[in-house]
Amino acid sequence: MAVHAEGIVAIVIFYLLILAVGIWAAWKNKNSGVSEGQDRSETIMVGGRDIGLFVGGFTMTATWVGGGYINGTAEYVYLPDYGLAWAQAPFGYALSLVVGGLFFAKPMRSRGYVTMLDPFQQIYGKRMGGLLFIPALMGEIFWSAAILSALGATLSVIVDIDINMSVVISALIAIFYTLVGGLYSVAYTDVVQLFCIFLGLWVSVPFALSNPAVSSISVTAKEAVYQTPWLGKIDSADTWMWIDNFCLLMLGGIPWQVYFQRVLSASSATYAQVLSFIAAAGCLVMAVPSVLIGAIGASTDWNQTTYGAIPPKEKDQSDMILPIVLQHLCPPWISFFGLGAVSAAVMSSADSSILSASSMFARNIYQLAFRQSATDREIVWVMRITIFVFGALATAMALLTGTVYGLWYLSSDLVYVIIFPQLLSVLFIKGTNTYGSVAGYVFGLLLRIGGGEPYLKLPPFIYYPGWVQQEKIHHLTGDVEYFIQQRFPFKTVSMLASFLGNVAFSYLLKYLFESGTLSHKYDFMDAVVSKHSKEIMDKTTLVSNDNIILSEMAPVKTLLSTSLAGTFTNTEALSDDEESSPESLNNDQE
């Protein structure tokens, strides 16, 4: 294969620009937060909690608008029998950001948490926090691996360079500037990356539309020309499955550390909400060129192009429709510019996920579960090491694992089925405890895994109502693969079962222990009777700040050192929440 010199030059220029912006952001903000007494480790995780609307809006939008988002949207619009009706990500993630902004951003930001796992460890204890870290980590790592894999394939299509080399170089650049500058570098590079995505794709669309091989997309939207209409349709038999997938995107898009990292870095709780709404609009706007490119792919007579007579769908290359349209329907320089947009999208998501995973590990696992006396410098080094380790792990998976998308689908389902109901319980349902949390975790896990996962060739052991056996034909080899399709909304049912299981078991065990039906000595999780135990960190660690009301808990002495008094709660972060701010409390006492 020939190496396109112009493509290499375009990619090198773009990568150097991103690297320069990342290093500049780290240098510009190297002392941010430290002068106000904030720990360096917290500055890396959430900035100086001073991310404004402009940078914050860009970085939160770029979190979702990644390689999977723009490639996946174009793919579903192009795919026969799916079309725009099944391209749920734009509206699903936009609504996810709206719901997150309305209900979750303010309580999380006003209580001054540092990571998404903080409220779980506060209420359910450090062991349960560690258990919830597993699906959260899986989601971040597999997401990074999936989009790095997509980047490698995209670059190889347009530039004809080795996939492995392109993935490794891209990952190294993202890891390097994340190591150097933490959230500041990630946020500032997101601004550049989002601008490049928008410009790169929009510049490509007019050239692709005007190509002689492309029919009018307004005609092919409703009429079958080269394939079924790209608007698509939802069959009545698939309605519940469509709703299930939409709920997964809308509600399962909330409990991700990449989202809450932006929420918690906002300069106030109100700003955190506004950022979510800005990002929701940004997600919809950024999806438009991807939808158009998918429609263009469905409206093209590929026999008239340099691609060849056989369309991408018959070569099992539907997932590559966006770079294929750029390569074969646009002039070379335009396609390379669009390629820069795709690589930008990937890096903007990969760096965020790697930073999120390392933040949760360094704080919630290393510091709070194992070494509560760890110094700030120690935690910074743990973060740096884990940024490199998790980045290397995601890169290795992208290169070596053929089922990386299947792993990501399953882990994102687990985030929806396990973490979302737990987050709902811990923030809004008073009285839930560790017993209920464990029960909900187990219910959600069993019901979801029981439904199987075709991408991983994981057969179901629970056959939900309405299941059917489908066949998938691999066009290149002619092999026929059979799999079970669950048309019942089992993911959402699993999530609801997990939520109800948490609430029911929490109140049941609370009643049994407090009524004396069960002896206090059986409260081995120290969740109901022994609330003064060191295992439950909320009373000993948080209550020195009165912003969180835990009236159902017995009064106890503070057992941990005062240096940990702010472990979860940053009092400076509360000033915009009148009910819970330190100033209002002092005024009340006077």
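Note that Cβ sites are derived from N, Cα and C of the backbone, with glycine treated the same way.
So that you can see what the record holds, here are the features copied from TrEMBL:
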- 6-27: transmembrane segment (TRANSMEM)
- 48-70: transmembrane segment (TRANSMEM)
- 90-108: transmembrane segment (TRANSMEM)
- 129-151: transmembrane segment (TRANSMEM)
- 163-184: transmembrane segment (TRANSMEM)
- 191-209: transmembrane segment (TRANSMEM)
- 239-259: transmembrane segment (TRANSMEM)
- 271-296: transmembrane segment (TRANSMEM)
- 333-358: transmembrane segment (TRANSMEM)
- 379-400: transmembrane segment (TRANSMEM)
- 406-428: transmembrane segment (TRANSMEM)
- 435-451: transmembrane segment (TRANSMEM)
- 571-590: region 'Disordered' (REGION)
Intrachain neighbours beyond the transmembrane segment (90-108), with Cβ under 8 angstroms and 6 or more residues off its ends: 60, 64, 69, 73, 116, 119, 245-246, 248-254, 259-260, 263-264, 266, 269-270, 272-277, 279-281, 283-284, 287, 291, 423, 427, 577
Among the ranges 6-27, 129-151, 239-259, 379-400, 435-451, the one whose Cβ pairs under 8 Å to the transmembrane segment (333-358) are most numerous: 129-151
Among 48-70, 163-184, 239-259, 271-296, 379-400, stretch most in contact with the transmembrane segment (6-27) (C-beta, under 8 angstroms): 163-184
Beyond the flanks of the transmembrane segment (191-209) by 6 or more, those residues with Cβ under 8 Å of it: 14, 17-18, 21, 54-55, 58-59, 61-62, 65, 70, 217, 282, 285-286, 289-290, 292-293, 296, 325-326, 329-331, 334-335, 337-342, 344-345, 347-348
Recorded stretch that, among 48-70, 129-151, 239-259, 271-296, has the most CB pairs under 8 Å to the transmembrane segment (163-184): 129-151
Close approaches to the transmembrane segment (129-151) from elsewhere in its chain (Cβ under 8 angstroms; 6 or more beyond its ends): 66-68, 71, 116-117, 120-121, 166-167, 170-171, 255-258, 319, 342-343, 345-347, 349-350, 353-354, 356-357, 360-361, 364-365, 368-369, 390-391, 393-395, 397-399, 401, 404-405, 407-408, 411-412, 414-415, 418-419, 422, 438, 441
Residues from the same chain, set at least six apart from the ends of the transmembrane segment (271-296), whose C-beta lies under 8 A from its own: 52-53, 56-58, 60-61, 63-65, 69-71, 73-78, 84, 87, 89-91, 93-98, 100-102, 105-106, 108-109, 194, 197-198, 201-202, 204-205, 208-209, 214, 217, 220-221, 230, 262-264, 321-322, 325-326, 329
